[in-house]
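J.: Structure in structure tokens, see below.
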Ligand SMILES: Cc1cc2nc3c(=O)[nH]c(=O)nc-3n(C[C@H](O)[C@H](O)[C@H](O)COP(=O)(O)OP(=O)(O)OC[C@H]3O[C@@H](n4cnc5c(N)ncnc54)[C@H](O)[C@@H]3O)c2cc1C
């Protein structure tokens with residue numbers, strides 16, 4: 001067996017990015033992956049396929065709702081569901097093959113199969129044992145179940161996000177359990193396809209942790225698109241019978257019991273770290289209370305020579321967070337100073353409009369007793385947005401009241417997921433809102449709304 005500098009278990013965005021960076025820095029590297037294809041949850045059943053379905057159904061929405069307004073007349077496209085799924089699978093294939101190509105280009109070995117760690121320095125895959133100076137666990141996460149209900153998921157009638165990305169047909173009715181990012185993205189996909197979608201959320205507002213003003217506007221806009229919401233409700237039972245599902249829930253305010261029937265139930269109550277089968281108990285690796293692998297600032301576990309990154313450790317379960325940790329750890333192992341700034345990790349919801357945020361929310365600033373100012377700008381005042389039927393939403397910039405340093409930014413509007421990055425860069429450089437406000441922005445672009453919100457932190461926006 002070859003002796004490696006690094007063996008990584010898992011080829012998701014954490015594992016594959018880490019492997020490529022390790023190889024680029026001169027470390028002999030292998031990745032163990034049990035799936036048929038590389039790329040992990042993100043490329044196979046997560047970020048990429050969900051965005052393909054959002055793109056396809058958003059195009060349909062545009063054709064149905066906005067084409068005629070622009071003088072583009074004629075029948076709206078009809079949906080060929082099999083072809084839409086084939087398009088999504090093709091997108092997955094292109095991306096996963098792309099990682100295979102990058103592995104070959106960078107001389108990263110793919111050890112196919114499920115790996116476990118019998119002892120530090122060794123990874124067992126099937127009957128083979130491979131040796132490595134450093135072992136990195138990047139085994140990702142799995143869909144979580146409904147807390148306290150332990151629903152039997154068949155991935156046909158009662159599905160996780162994985163099943164929701166390959167339903168046999170478009171359901172007439174769908175209940176989504178959980179008003180978080182995944183539930184709302186996939187709920188939007190089906191609502192645009194004509195499914196009657198009801199979202200049940202335990203808390204009183206959707207997208208927990210989001211800036212409250214943004215969350216409120218977001219729910220309002222999704223309701224306008226036909227999604228129904230039941231908030232402050234705990235689901236106690238979900239059962240499938242004869243190809244249909246029944247959902248039982250109780251409203252938290254008065255404990256009243258209710259029932260809903262649906263063709264499909266999507267359980268989207270979050271994700272849990274995937275740690276089974278790795279042999280962690282035998283190694284005595286310390287875990288957090290929430291079942292994640294505990295690591296120090298350099299991603300080292302409690303066992304020397306074993307590290308962990310991505311969804312399997314603490315922090316937001318996001319592909320780019322996993323990627324950044326992968327790069328940072330590769331640099332640390334190569335003797336460099338790898339580092340992730342957890343204060344500047346953007347979060348995006350790829351619905352229409354998109355929702356994006358970075359840094360602190362207004363609620364967090366209030367809780368910390370910080371002296372802050374708010375600069376807001378509506379996309380209604382943005383010429384490009386008005387032309388593109390994208391005037392719904394706003395930018396909210398939060399800056400320190402005295403120093404004007406940007407503390408956070410929350411956007412609901414067109415291309416919010418791309419716009420947010422100018423604030424990420426600004427925050428990395430410790431910029432003030434005025435720095436952003438004084439930067440020339442091309443006209444007509446959505447990004448002018450970012451500048452206007454920054455101007456609103458000072459003497460005022462121009463187009464408000
Ligand atoms: C529907 C959906 C949509 C999402 N959309 C987004 C989005 O738009 N943006 C975003 O940032 N995040 C999104 N996410 C979250 C994102 O997919 C994860 O945060 C990300 O994939 C985590 O990367 P990772 O490398 O930690 O693990 P994963 O991507 O989960 O990869 C882990 C890999 O390890 C493999 N593995 C596990 N155990 C073993 C073993 N013992 N031996 C061999 N292989 C093993 C698994 O097969 C898997 O391929 C989405 C998730 C879902 C489910």
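The backbone N, Cα and C atoms fix where each Cβ goes, glycine too.
Copying in the features that TrEMBL gives for the protein in this structure:
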ACT_SITE  443  active site, proton acceptor
BINDING   51, 115, 311, 317, 318, 319, 320  FAD binding site
BINDING   178, 179, 180, 181, 182, 183, 184, 185, 201, 270  NAD(+) binding site
DISULFID  42-47  disulfide bond
DOMAIN    4-326  domain 'FAD/NAD(P)-binding'
DOMAIN    345-454  domain 'Pyridine nucleotide-disulphide oxidoreductase dimerisation'
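Let's see these features in context: how buried, what's close, how far.
T.: In the three-state DSSP reading, residue 443 (active site, proton acceptor) counts as coil. The local packing around residue 443 (active site, proton acceptor), expressed as other Cβ atoms within 10 Å of its Cβ over all shown chains, amounts to 10.
Counting only same-chain residues six or more apart in sequence, the Cβ atoms lying under 8 angstroms from the Cβ of residue 115 (FAD binding site) belong to 7, 9, 32, 34, 123, 124, 125, 278. The DSSP secondary structure for residue 115 (FAD binding site) is strand.
Within the same chain, residues at least 6 positions away in sequence whose Cβ sits under 8 Å from that of residue 180 (NAD(+) binding site) are 206, 207, 208, 268, 269, 270.
Its own atom aside, the Cβ of residue 42 (disulfide bond) has 25 Cβ atoms within 10 angstroms in the protein chains shown. In three-state terms derived from DSSP, residue 42 (disulfide bond) belongs to a helical segment.
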J.: Just to verify a number: CA distance, residue 182 (NAD(+) binding site) to residue 319 (FAD binding site), in angstrom, no decimals.
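T.: If we compare the Cα positions of residue 182 (NAD(+) binding site) and residue 319 (FAD binding site), the gap is 13 Å.
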J.: Around residue 178 (NAD(+) binding site), which of the listed recorded positions (42, 47, 51, 320) come within 10 Å, judging by Cα atoms?
T.: none
J.: Among 115, 182, 184, 201, 311, 317, please name the binding-site residues whose Cβ is nearer than 6 Å to ligand 1.
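T.: Correct list: 115, 182, 311, 317.
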J.: State the count of C-beta atoms found within 10 angstroms of the C-beta of residue 320 (FAD binding site), not counting that atom itself.
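T.: By my count, 16.
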J.: Among the binding-site residues 311, 318, 319, which ones place their C-alpha within 10 angstroms of the C-alpha of residue 47 (disulfide bond)?
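T.: Near residue 47 (disulfide bond) by Cα: 318, 319.
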J.: Could you check which of the recorded positions (184, 317, 318, 319, 443) sits closest to residue 42 (disulfide bond), going Cα to Cα?
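T.: Minimum Cα distance from residue 42 (disulfide bond) across 184, 317, 318, 319, 443 lands on 319.
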J.: For residue 51 (FAD binding site), write down the residues of its own chain that are at least 6 apart in sequence and whose Cβ falls under 8 Å from its Cβ; none is a fine answer.
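T.: Residue 51 (FAD binding site) has long-range Cβ partners 350.
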